[in-house]
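Pulled from TrEMBL, these are the features on record:
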| type | residues | note |
| --- | --- | --- |
| TRANSMEM | B:20-44 | transmembrane segment |
| TRANSMEM | B:64-87 | transmembrane segment |
| TRANSMEM | B:99-116 | transmembrane segment |
| TRANSMEM | B:122-141 | transmembrane segment |
| TRANSMEM | B:153-173 | transmembrane segment |
| TRANSMEM | B:209-228 | transmembrane segment |
| TRANSMEM | B:295-323 | transmembrane segment |
| TRANSMEM | B:335-358 | transmembrane segment |
Amino acid sequence: MSVNSNLFVIIFASAIFYGTPLVFAAVGELLAERSGVINLGVEGMMLLGAVSAAMVAANLDGPAAVVLPIALLAAMVAAGLGAAIHAFLVITLRVNQIISGLALTIFGGAAGLSSYLANVWGLGKQPAMNQFGRMDLFGLKKFPVLGPILFDQTLLTYLSWVLVVLVMVYLFRTRMGLHLRSVGESPQTADSVGISVTRYRYGHVIAGGMLAGVAGACFSLTIVPTWANGLTSGEGWIALALVIFGFWRPDLTLVGAYLFGALSSLSFTLQARGIDVPTALLDALPYVATIVVLVIVSNSRISKRLGSPAALGRPYEREER
Amino acid sequence: MSLASRVGLRLEPRVDNPRWMNWAVPVCSFIAALLVGSIVLLITSQNPISVYQRILERGFLDTGSLSGTFISATPLLFTGLCAAVAFKVGFFNIGGEGQFYVGAIFASGIALSLGADAQSWIAVGAMVLAGTVGGALWAFIPGILRAYFRTNEIITSLMLNYVAGIGATYLIFESDSFWRELGGTGAVFPKGKIIPLSAQWPSFDLGNLVVPFGLLLGAVVAIWLHVLQRRTRFGYEMRVVGGAPSTARYAGMRPARVIVAVAMLSGGLAGLGGAADVGNFRHVLDPKGLQQSGFGYAGIVVAALARLNPIAVVFVAIILGGITNAGYALQGPDFPAGLVGTLEGLILFCTLGGEVLVRYRIVNTRRQAVAS
């Protein structure tokens, strides 16, 4: 038996595979929250993205190199539109962010528009014709240990790494990133130096939604890979927890995403190995772990230094200055 | 710059609050939601008029349809109260779904263990109590974590929904538990034991209309909550903690305790809903059915539309119960699943937007600028 079929290698490799949608969704939510807007609609936006991507993949004939980018684009547009509704309600109309976000999840969610559209379009009867397959990057797939973990993933995973690097640079090394953080920490100050709070908030909420759409597409184009009702099974909510876990930093959020990717894949990894553990216990693990990790993080010393953006959840009203 | 400010519109807090707006705005929001919904229907080549007409007929107007609507409204009433009570103090319990399951598990457990010989009123009373306790215990977890460990209750309560769903599935599908029917067809197809007749909740037949006991109980609970919020010391503390936690602390209240108490009250209401669902309708612990219904999430819509007012929750639950009931009755190619949730979401969006008109006036800044 080669070292690459070692249980831990497989767990690491599937942690990255199953953690990828969490990276996209959590980094998207992080952008919105850095601008001061909580969006609890992640789960709904992911499902809207997943159903749109599945629709394109099922109905568009052509080579994968054409179909898949269009499917991703469709996912981003659909989820971005969902985010735009939330943005309009909470930024322009100053509706309570929590209730508006919940409304978005209910609207798009497993019993809402995503399920309706899938029924109307007749999706989910067969696997997607075009999928993001695993690619043997640099031909290093067979390299011991690191091969399966780093060089045998899908294009979406590699894109997520690029995204994390770009967002890190954007947030902490560019002028726009600095402006974004100031809008999230103190919109009054940002406004007084001529930064448009409204424009920054709209932009980042919608960008965050588009990334949630990509996260949804990860499910319908690689993980499942077809449409199934409610296929994200609550991962949108885990993404929200990951933003807190990662102290609103993309790099730490990526670590958290892979931790939860490992937990959510553990059930069938162990089963495939014939290791007998009650499935209910393993299925519940990611959810219980989210709670435990959240309690620890919320009470740690670091969270006082690296806490949430100060204006998170508060609408900005100019006349209140 | 936002669209609103580009065309020269600005929101200005209202000084006056005209009374007619309190009913006109929700009604207009509802109509707006139906209009947006008909765009969605048209795009997906459905006829909006016939869809709405069928919802109205199958939900409210056809003979016997209102009885079915009451059945769908009962769980929504309890989960709506669950969300309304908690949201009012700023405890965003979205774990009503899981608390509903745990209530159903507890209530069916007690009904099964009392057996067929128990007197009916004792069995029903025990189920009410057990369901409430089950839901309250499940909500105690996010309550205590928020109050004493500063942990975001939105995420913890939601994660527990999945845990409760997995737990209920385990009891029926993955173990030989007390809840599972092992004899007969249950040996082949996993299913729960049916609770004894004596534990099945009564329904009152008024000729054309059947009113379930659970709905009446829910209405009484709603009135009790209204009194609790307006007329008692605890209600006063809830209002202060919800409005201004630091003021509450200076006034000698203990916000943390109030939050834990509200969390348990809220969860207890959802758990009672789970008991009503088992006692009045399902008569069995049915994990798949529970998870497909999504009553807990729909309860959030109910509470938001009722503006967190317990009495209004009763009426909103009946309206949304009608739409849900019509959804069950009509499900098929002309009425795809998911339409009900889509419409609920649109109604909620429009109501949230409409409420802004109650709080703010829209001022045309361009005209003002010209005038001055």
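Each residue, glycine too, has its Cβ placed from N, Cα and C.
Two recorded stretches are said to be in contact when at least 3 C-beta pairs lie under 8 angstroms, sequence spacing 6 or more; the transmembrane segment (B:153-173) and the transmembrane segment (B:335-358) fall short of this definition.
Looking at which of B:64-87, B:99-116, B:122-141, B:335-358 has the most CB pairs under 8 Å to the transmembrane segment (B:295-323), the answer is the stretch B:64-87. By the Cβ criterion (distance under 8 Å, sequence gap of 6 or more), the transmembrane segment (B:335-358) is not counted as touching the transmembrane segment (B:64-87), fewer than 3 such pairs being found. Sequence-remote contacts of a segment are chain residues at least 6 beyond its ends whose Cβ falls under 8 Å from one of its Cβ atoms, and for the transmembrane segment (B:122-141) they are 82, 93, 95, 98-100, 102-107, 109-111, 114, 156-157, 160, 164, 196, 198-199, 201-202, 213, 217, 260, 263-276, 278-279. Beyond its flanks by at least six residues, the transmembrane segment (B:99-116) meets 75, 78-79, 82, 93, 122-123, 126-139, 161, 164-165, 167-168, 171, 178-179, 192-193, 195-199, 266-268, 270-275, 277-279, 282, 284-285, 287, 290-291, 295-296 of its own chain at Cβ-Cβ distances under 8 Å.
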